[in-house]
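Record features, source TrEMBL:
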- 1-24: signal peptide (SIGNAL)
- 227-250: transmembrane segment (TRANSMEM)
- 292-320: transmembrane segment (TRANSMEM)
- 326-350: transmembrane segment (TRANSMEM)
- 362-387: transmembrane segment (TRANSMEM)
- 393-415: transmembrane segment (TRANSMEM)
- 453-472: transmembrane segment (TRANSMEM)
- 484-510: transmembrane segment (TRANSMEM)
- 522-542: transmembrane segment (TRANSMEM)
- 554-582: transmembrane segment (TRANSMEM)
Amino acid sequence: MARGGACHVVVFLLLCAAFPAVRSDGSDHKYKVGDPVPLYANKVGPFHNPSETYRYFDLPFCSTGELKDKSEALGEVLNGDRLVSAPYKLDFLVDRESEVICKKKLSKKDVAEFRRAVAKDYYFQMYYDDLPIWGFLGKVDKEGSGDPSEYKYYLFKHLHFEIFYNKDRVIEINARTDPNALVDLTEDKEVDVEFMYSAKWKETHVPFEKRMDKYSKSSSLPRHLEIHWFSIINSCVTVLLLTGFLATILMRVLKNDFVKYAHDEEAADDQEETGWKYIHGDVFRFPKYKSLFAACLGSGTQLFTLATFIFLLALVGVFYPYNRGALFTALVVIYALTSGIAGYTAASFYCQLEGTNWVRNLLLTGALFCGPLFLTFCFLNTVAIAYHATAALPFGTIVVIFLIWALVTSPLLVLGGIAGKNSKAEFQAPVRTTKYPREIPPLPWYRATLPQMAMAGFLPFSAIYIELYYIFASVWGHRIYTIYSILFIVFIILLIVTAFITVALTYFQLAAEDHEWWWRSFLCGGSTGLFIYGYCLYYYYARSDMSGFMQTSFFFGYMACICYAFFLMLGAVGFRASLFFVRHIYRSIKCE
């Protein structure tokens with residue numbers, strides 16, 4: 001029964017993720033003159049703090065009639081959307097001029113609340129026929145004075161809607177405020193307000209299928225594209241130079257090593273071995289903490305698969321602008337469905353490393369990424385509840401996520417683990433491992449783990465850092481990112497550079513007769529995640545205007561989880577590349 005329920009949940013969520021263009025709010029409907037068109041007020045919040053958003057009617061706006069909440073998909077709730085029916089009536093092809101919504105006497109408390117919102121540069125967001133509308137609540141008149149006590153605060157009370165239509169479809173909507181219709185909020189006194197709106201309909205020849213193009217173009221402007229392509233060219237040059245240099249050096253050095261070792265074999269048998277051949281009996285000695293290592297590899301492989309599927313969905317156009325919650329829905333669904341890959345990879349590799357307690361290894365794999373993510377979520381959700389923000393998930397949504405984890409993620413993880421345990425795969429070591437490990441010779445400081453991680457992380461990070469700004473401005477700002485093809489190329493470049501630099505550092509480590517390369521290759525591969533988190537500090541303090549405890553907590557909390565995911569994913573890539581390389585070079589020589 002549980003398995004059947006899980007299948008139904010998965011199918012439903014997959015439909016939400018794969019077919020987001022099918023909406024239930026009527027946005028794909030055709031209208032006749034006078035037909036009501038759905039208009040929902042979504043949220044308000046400080047413009048520079050994208051995570052700190054509140055329900056529209058948390059502010060003392062007047063409303064007409066009973067407020068009706070719109071039922072939302074999982075991804076929309078995770079995105080912080082809380083749609084409620086708006087008081088404006090924008091019926092199809094019906095013009096309105098200075099229509100009064102309601103008259104309201106604002107109390108001193110209401111005035112103070114609106115003034116605080118205007119001072120913090122609050123914006124509002126609405127959706128009309130699933131088209132987004134943005135606007136600011138008011139303005140601050142500084143009158144050339146540097147003294148905040150002399151500032152004047154005004155609330156906009158008149159909204160002008162300009163709506164474009166093509167035959168029987170809504171194509172575009174713009175909202176602007178009347179700069180002359182203002183309410184003075186400067187003093188703490190009761191104020192009478194008449195909230196009004198106007199609507200003007202205009203015909204356009206833009207087809208319905210292209211009505212979202214205007215939002216896509218914001219990230220496809222010539223100046224932005226030029227910077228994006230500069231980023232691509234810079235990354236490609238970095239990759240070509242690096243891979244060419246490393247390939248040339250490694251090929252030449254390895255060729256010399258092969259010739260030297262072949263010559264040594266033909267010479268006296270008692271000649272002392274040196275370099276990476278000297279440690280052939282230790283290089284495939286299994287690492288310490290092999291259960292944790294296998295769990296890291298399993299989680300990293302799952303996250304790599306997740307990233308690949310997300311890119312495929314993005315490239316086929318699933319995540320078009322303002323497709324509310326599609327990305328979050330896809331992340332939840334695909335992560336749940338790929339947990340079997342984590343279980344299989346971890347258990348299979350753990351058994352190859354001659355591990356015996358595969359159940360504990362499976363539990364560790366399941367908790368390795370979900371554990372820190374769950375703890376971070378608990379803390380941040382508590383902060384959001386304290387702030388009464390829309391980022392606080394309702395109890396029902398938490399139950400749905402728990403059910404997905406209990407009925408889909410966990411069973412698939414266990415099934416993958418059982419399949420991995422029963423795969424009977426053996427670790428393919430081309431040389432035999434000696435009974436006792438050789439002593440590692442003293443090495444200079446720059447061959448220690450931390451300096452090597454710094455070298456390994458810097459090069460991949462330098463290939464992607466230009467593109468990072470646009471991603472951050474989209475995720476933690478109000479820009480729209482739509483050039484997924486460029487992002488996919490940057491992702492491929494990141495993988496190539498990570499693999500090559502990890503292989504090179506692994507070779508230099510083995511050449512220095514240090515055979516403990518397993519963890520080092522994983523840490524070096526994943527170190528780019530630490531550089532990305534360092535960029536978070538720079539972005540927050542130098543490139544953004546975010547402020548406040550809640551926004552700071554959300555930014556650094558969730559970015560820590562994302563960078564940790566990058567660490568695991570790129571660590572798995574670095575280790576796999578190094579393992580392939582090490583097997584290849586030791587298969588190419590004759591060892592006693």
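Cβ atoms are placed via backbone N, Cα and C, with glycine included.
Computed from a predicted structure; not experimentally measured.
Looking at 227-250, 393-415, 522-542, 554-582, the range that has the most CB pairs within less than 8 A of the transmembrane segment (292-320) turns out to be 554-582. Among the listed stretches 326-350, 393-415, 484-510, 554-582, the one sharing the most Cβ pairs under 8 Å with the transmembrane segment (227-250) is 484-510. Here the transmembrane segment (393-415) touches the transmembrane segment (326-350). Their Cβ atoms form 3 or more pairs under 8 Å, with each pair 6 or more residues apart.
Within the chain carrying the transmembrane segment (453-472), a Cβ under 8 angstroms from the stretch's Cβ atoms is held by residues 219, 224, 227-228, 230-231, 234-235, 238-239, 242, 479, 481, 486-487, 490, 493-494, 497-498, 501-502, 505, 523-525, 527-532, 535-536, 539, 543-544, 570, 574, all 6 or more beyond its ends. Distant neighbours of the transmembrane segment (326-350): 10, 13-14, 16-17, 20, 73-75, 78-79, 290-291, 294-295, 297-299, 301-302, 305-306, 309-310, 313, 318-319, 358, 361-362, 364-366, 401, 404-405, 408-410, 412-421, 423, 425; these residues of the same chain sit at least 6 beyond its ends, with a Cβ under 8 Å from one of its Cβ atoms.
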